Amino acid sequence: MTEWLISNQLIDYNCAVKSMEEKIQQIHNNSADELVWLLQHPPLYTAGISATADDIVEKLFPIYKTGRGGKHTYHGPGQRIIYLMLNLKKRNKCDIKLYIRDLSKWIINVLKQFNILGEFREDRIGIWVNHNGVEKKIAAFGIRLRKWVTYHGIALNVFPDLSHYKGIIPCGLQGYGVTSMEELGVKVPLSELDDILKKEFYKIF
């Protein structure tokens, strides 16, 4: 069984990581159900295990070092953070590449419900859209596994302040931009998006 939790207040990043680490231990011990946690953070940058100082352009917000994969990214209001704590071993899916592909299919299917064509790129993790002839990232992935239980997850840009990205080179990728559902002409309340996320989740997972 997969539990769903929606936090309406902004969640401190370190508190979120601590909560995830406690939860995945419980899942591994079979003392808790899997969890999909939907939330938002206050404005901040996170630095994954591949992050380098060269990707910091201007320190507009606090930077948190984190154990997830990837480089620097931004989190803030208007972005739907999706933290997934899933037991891949119990699901007989002990394959990180397959997990990333499943996450990608899920978010692509969600975007399709809003007439947004999201695409997966083998060499650039995340979900991409073509906006006025330019490839831009609309969803960033950063995952970690412990004993085949996943944590961290996805940041989907719904209506964030995109100017907040100017302090970093997102995911260390030069020459690519970021976009949001709002910039693509789709204005959707988070509550409506959450319903679609849940519905489409069970088609993949």
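Placed from the backbone N, Cα and C atoms, the Cβ positions cover glycine too.
Annotation comment: Swiss-Prot describes C171 as active site, acyl-thioester intermediate.
If you look up Swiss-Prot, you'll see R68, G69, G70, K71, H72, T73, Y74, H75, A140, F141, G142, G153, I154, A155 marked as substrate binding site.
Taken from Swiss-Prot, the feature domain 'BPL/LPL catalytic' covers 30-205, and the record attributes it to sequence analysis.
Summarising the annotation, Swiss-Prot assigns site 'Lowers pKa of active site Cys' to K137. DSSP gives K137 (site 'Lowers pKa of active site Cys') a strand state. Taking all protein chains in view, 25 other C-beta atoms sit within 10 angstroms of the C-beta of K137 (site 'Lowers pKa of active site Cys').
Cβ neighbours within 10 Å of G142 (substrate binding site), excluding its own Cβ and spanning all shown chains: 22. Cα separation, Y74 (substrate binding site) to K137 (site 'Lowers pKa of active site Cys'), rounded: 12 Å. Rounded to a whole value, the Cα-Cα separation of K137 (site 'Lowers pKa of active site Cys') and G70 (substrate binding site) is 14 Å. In the predicted model, the domain 'BPL/LPL catalytic' (30-205) shows an average pLDDT of 92. The substrate-binding residues named in the record, R68, G69, G70, K71, H72, T73, Y74, H75, A140, F141, G142, G153, I154, A155, extend over a maximum Cα to Cα distance of 15 Å.
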